[in-house]
Amino acid sequence: MSEARINTLEERFVRYCKVDTQSDSTSPTAPSTPCQLDLSRMLVEELKSVGIADARLTDYGAVFGTIPGNVTDRKIPTIAFVAHVDTAPSFHAEGVKPIVHHNWDGTTIVLPDDPAVVIDPEENPHLKGKKGEDIVTASGTTLLGADDKAGIAIIMGLIDYLNEHPEIPRGDVRICFTPDEEIGRGVSDALMEDIHADFAYTLDGENPGDLVAETFSADQAEINIKGVSIHTCCAKDRLVNALYLASKIIELLPKHRLSPESTEGREGFIFTESISGNAAEVTLKLNLRDFELEGLEEQATLLQETCALVAKTEPRARITCNIRPEYRNMRYWLENDMRPADIAKKAYVDEGFIPNMLAFRGGTDGSLMTEKGIPTPNIFCGMQNPHGPMEWVSLQDMDKALRICARVVGYWAE
């Protein structure tokens, strides 16, 4: 493991984390927030500085570039490595102050800006084995952004590695940094036209050894509840409180068996993501998740029936439930061509890992890319506890992912 490479990973990753790139699902623009472009512009200039002559930023916020191939006597598939610049809108992401715990001593990590927020190795099994490594955290009041700036730093490090090792045979390697992955809008039709790759890999997974060739399928439900608004001075038998009806819908959902906090493994769930409005009108947004389409259909039916049941209790209210697809399990397409996953598995093994073929309880840009025609499994980037203040990553785990990616490049040229 190269100390210089670790130092470069640290410098880049910390610098990227300090840039606020939070996405916003309520925004109609692409990208959804202008702050994402701050990092994207930085990345274009950095790509050019390491020899990516065609690096560019599109009008929809994606960054592209090419590492030219060095094999001319045969056709080699073009592969892409993909990471997203945005961070999750579910927790504070402005003013991130990364802290690098060099040669971590194995004790509980207390985050200084909120000492009540601690990362206890007894509650974080993967952290427990990281004594002596370099652990990066936030300061306690924000997320860190390892999801997915660790992936970006790994890809930038991969470029350095391939520049330093011209003996590794390769076809063209495409670099792609997407916006708005966290809100499900990272993979547009324009991006699919611009990426120019036969296969791809996202760097957006957690534990070293995890390899994702199967994800949730996902729908989003939006429930709109219109009550009857009237001044409380004369509300007797006239007011219909939309907030009360919204709470009844949430309460009727089977949280003991169909919520994120009560499910695991291959079990699906319905997650109440947000509630907004007032007594007159409320909008609920819910995420429907299952590995199989039949499970999504059952969840949709349950949600529609629940809305209808609550509507019957108050006929003066108007309740609508609209459900739209978000992404589908990449397994449906990858099982027809497992080459990208098989090559990644070989790279894992040759780097000393036993591949853990993980059925990922979430989605990636690769879910949509696979559905749209570019098979895209997901390689780990080492992030842990994403989307919250206890997020952390080991620089050594990031370096392991970098070396796996370098092997993947070479194996495609064999």
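Each residue, glycine too, has its Cβ placed from N, Cα and C.
The secondary structure of ASP86 (active site), as reduced to three states from DSSP, is coil rather than helix or strand. As annotated by TrEMBL, active site applies to ASP86.
Summarising the annotation, TrEMBL assigns active site, proton acceptor to GLU181. A helical conformation is recorded for GLU181 (active site, proton acceptor) in the three-state DSSP classification. Around GLU181 (active site, proton acceptor), the C-beta neighbours below 8 angstroms that are at least 6 residues distant in the chain are SER23, HIS84, ASP86, ASP148, ASP204, THR364, ASP365.
All protein chains included, ASP147 (Zn(2+) 1 binding site) registers 26 other Cβ atoms within 10 Å of its own Cβ. Annotation source TrEMBL lists Zn(2+) 1 binding site at HIS84, ASP147, ASP204.
According to DSSP, ASP147 (Zn(2+) 1 binding site) is assigned to a helical segment. TrEMBL lists ASP147, GLU182, HIS387 with the feature Zn(2+) 2 binding site.
Look at TrEMBL and you will find 215-305 tagged as domain 'Peptidase M20 dimerisation'. Regional average pLDDT for the domain 'Peptidase M20 dimerisation' (215-305) in the model is 97.
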Number of helical, extended and coil residues in the domain 'Peptidase M20 dimerisation' (215-305), per DSSP: 30 helix, 32 strand, 29 coil
Whole-number Å value for how far ASP147 (Zn(2+) 1 binding site) lies from GLU182 (Zn(2+) 2 binding site) (Cα to Cα): 9
Least Cβ-crowded entry, counting other Cβ within 10 Å, from the recorded positions listed as ASP86, GLU182, ASP204: GLU182
Integer Å distance between the CA atoms belonging to ASP147 (Zn(2+) 1 binding site) and HIS387 (Zn(2+) 2 binding site): 8
